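Reviewing the structure listed below.
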Amino acid sequence: MKIPASSPQDTTNNNNNTNSTDSNHLSMDEHVMRSMDWDSIMKELELDDDSAPNSLKTGFTTTTTDSTILPLYAVDSNLPGFPDQIQPSDFESSSDVYPGQNQTTGYGFNSLDSVDNGGFDFIEDLIRVVDCVESDELQLAQVVLSRLNQRLRSPAGRPLQRAAFYFKEALGSFLTGSNRNPIRLSSWSEIVQRIRAIKEYSGISPIPLFSHFTANQAILDSLSSQSSSPFVHVVDFEIGFGGQYASLMREITEKSVSGGFLRVTAVVAEECAVETRLVKENLTQFAAEMKIRFQIEFVLMKTFEMLSFKAIRFVEGERTVVLISPAIFRRLSGITDFVNNLRRVSPKVVVFVDSEGWTEIAGSGSFRREFVSALEFYTMVLESLDAAAPPGDLVKKIVEAFVLRPKISAAVETAADRRHTGEMTWREAFCAAGMRPIQLSQFADFQAECLLEKAQVRGFHVAKRQGELVLCWHGRALVATSAWRF
């Protein structure tokens, strides 16, 4: 439901107004890399749970009004600075990298001699497990998986071997039901490790930055009209730790005569209570530094599943932008209903960022096909990671454990749960609902090319495909960003 617009109180005047022509000549360091400064977004977080600020250990309340989460927090200005480098001592055992995992299984990163380097025939056993799951022969799947456990004991070796290990673990979690445990809030240590992993990933690979900058540019392109409302509302279905909004705030501030107003509604999982407090605190502080008016609200995923877009507060006069990724489609029972409900919101633009290979695998209805496609996709991601980081680099292992492994687990669980039900791909659902793709601007191309030039990792290149701007690794799409309009 939309409510009448009320002009938010203007707390400040805009510092500078920079036209789009000048911005095209910004250097790479000024325009692109400056925007993902994790040090300015996240303060240093200690590994010890007891070191967490009291404000982040407090309760977490929900209200019925607008179905939003209102995190309780207080700004702690005494948090020390974020570390620039991960030290090996931070992860002295495999339990640090794989929380809750039994130490006797030998899944630590140090078990390098346990990997079968004689060939890749372990893939055959992996596919046998998939075939057993697809035919509902779950006991036989367990037998084959137990044999596979003896051959793939740690995520070491070549990219395909490491990917096979993560996919084998995901299959094991699905078969045992361990991925269906009751909701558990993330521990302070887990949050710290994830933040560090994301920061380091952004530092060595162009993949995260490509996702953020292309999405932000698609949003900015939709707001470039002279008649645009100064009030921008972004509905984000995968906000993460919110670092991408630093870039967006900078651009809105520079391009808006009035300083701009940004409102974000993030749909988040139930276990992300602590993360939402961090996101709100840091983005609010950053907005104050940028002198931009800013609001952020959170809606529980469970609430959205029940109420759809009625769970979100919309205000008349705002320009609504919806930012989505495959994550939302994994949670919902069907893509078609989501898109039909989205149509009623009448967003200015819908930005879809696919960094999980969904463009090519979703909707097949075949668990085997989706599994093999996902295995190939993440093998390519790991290969690109190897090219960006030196062999044996600890940062690479942390990125795999805290960024890529959860994505693999979620992809396998979704494909397994839907193995008997084919459905439209997201693109088919968009087109069926009357959505049409919008060409991304040349400036988005410019940013992407500059990013690759800065990263200097050979093998990446930028391409265009069916209206998408695509980051490729040796011809295989790793990230595809597209903008759509009803």
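Just so it is clear, glycine is given a Cβ too, placed from its N, Cα and C backbone atoms.
Over in Swiss-Prot, the protein carries these features:
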- 1-28: region 'Disordered' (REGION)
- 10-24: compositional bias 'Low complexity' (COMPBIAS)
- 113-485: domain 'GRAS' (DOMAIN)
- 120-179: region 'Leucine repeat I (LRI)' (REGION)
- 198-266: region 'VHIID' (REGION)
- 232-236: motif 'VHIID' (MOTIF)
- 278-310: region 'Leucine repeat II (LRII)' (REGION)
- 320-410: region 'PFYRE' (REGION)
- 413-485: region 'SAW' (REGION)
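Taking pairs at least six residues apart, the region 'VHIID' (198-266) and the region 'Leucine repeat I (LRI)' (120-179) share fewer than three Cβ pairs below 8 Å and do not count as touching. The average pLDDT for the region 'VHIID' (198-266) in the predicted structure is 87.
Across the region 'Leucine repeat I (LRI)' (120-179), DSSP classifies residues as 47 helix, 0 strand, 13 coil. Under DSSP, the residues of the region 'SAW' (413-485) split into helix, strand and coil as follows: 26 helix, 25 strand, 22 coil. DSSP labels the residues of the region 'Leucine repeat II (LRII)' (278-310) in these numbers: 23 helix, 8 strand, 2 coil.
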